[in-house]
Amino acid sequence: MTTMQLDSDGRLRHLLTLEGLPRTTLLQLLDRAGQIRDAAVGRVGKRSVLAGTAVCTLFFEPSTRTRSSFHLAAQRLGADVLNFDASTSSTRKGETARDTLKNLEAMGVRGFVVRHPDDGAVEALATAAGEGTALINAGDGRSAHPTQGLLDMLTLRQAKGTDFSKLKVVIVGDVKHSRVARSDLHALRTLGAGEIRVCGPASLLPDDGILEGCVVGQDFDAMLEGADALMMLRLQRERMEEGLVPSLEQYHTEYGLTRERLARAGRDAAVLHPGPINRGVEITDEVADGAQSCVLRQVANGVAVRMAVLETLLG
């Protein structure tokens, strides 16, 4: 983990990855997010914690849930929010991401929520940030998506309790190219998950050591037995073009979550998916919309998690 996330006193300065993040810091963020979520039940309030603070969502890749969630989170904390769109900005004229950051900093922006297609891009920007400026990684390449990992953990706590020591969690699908899977794996390890199972086609499983300590297999039905939670990953359709998946139909046959398959898992197993869902590919309609689905709960928890992160970094 990069040490630049923490200041000399061990306080969070940026949120770039969950890898190596101290357990105490992770728990503090989750506890605070839970408090915010519970306080907001039945009402949507606006606070003034970040009144007068400018936050910019700096996205170099498309996003719906993450960008909207951060925008709402910052607004509810009273921040002034700027939305940066790379397609209509000076980056089209050749301006670098670093220069964009420094120019916005000069205008008084203190918080940057950054999504970028390149691994390590957000950390590189953080090295250029001035004192008092905080960066949040909203997804870079295939390396990290820390707030998604946090909201997944918050959703698991809500569904299964705070003690993860006996949890059997299955991560299914395109793990190799998934920044969400990597963040979830780091968080689950830090929180002491009892057993982490990883399942998918061999062509979509990473070989860089990230799965060390996990139970890894390609037989989805076998991996489902007794599972407490299932994290279904989006099949990135471009992988078909690379020849890594023969067809959507075959993928669904082997790794799609159906009602019949779900019955193999533990009673009341929680079903998670980071979205966007390819219905009929990773998961059927009846499971995605069923009683065990936590998909919309994940979306709702995302706002609380991002409020907690913004408050911690900028409040």
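Placement of Cβ uses the backbone N, Cα and C atoms for every residue, glycine included.
Long-range Cβ proximity for Gly275 (carbamoyl phosphate binding site), meaning a same-chain Cβ under 8 A and a gap of 6 or more residues, is found for Arg65, Arg234, Val295, Gln298, Val299. Residues annotated as carbamoyl phosphate binding site in Swiss-Prot: Arg65, Thr66, Arg115, His145, Gln148, Gly275, Pro276.
Its Cβ taken as reference, Arg179 (L-aspartate binding site) is surrounded by 21 other Cβ atoms within 10 Å in the chains shown. As annotated by Swiss-Prot, L-aspartate binding site applies to Lys93, Arg179, Arg234.
DSSP classifies His145 (carbamoyl phosphate binding site) as coil under the three-state reduction. Under DSSP, Arg179 (L-aspartate binding site) is assigned to a helix (H, G or I) in the three-state scheme.
Apart from the site residues Arg65, Thr66, Arg115, His145, Gln148, Gly275, Pro276, the chain places the Cβ of Ser63, Thr64, Ala138, Gly139, Val180, Pro274 no farther than 8 Å from the centroid of the site's Cβ atoms, the recorded carbamoyl phosphate location. For Pro276 (carbamoyl phosphate binding site), the number of other Cβ atoms no farther than 10 Å from its own Cβ, over all displayed protein chains, is 9. In sequence order, Leu58, Phe59, Phe60, Glu61, Ser63, Thr66, Arg67, Ala138, Gly139, Asp140 are the residues near Arg115 (carbamoyl phosphate binding site), counting only same-chain partners six or more apart with C-beta under 8 A. Figure note: comparing Cβ neighbours within 10 Å for the binding-site residues Arg65, His145, Arg234, the maximum is reached by His145.
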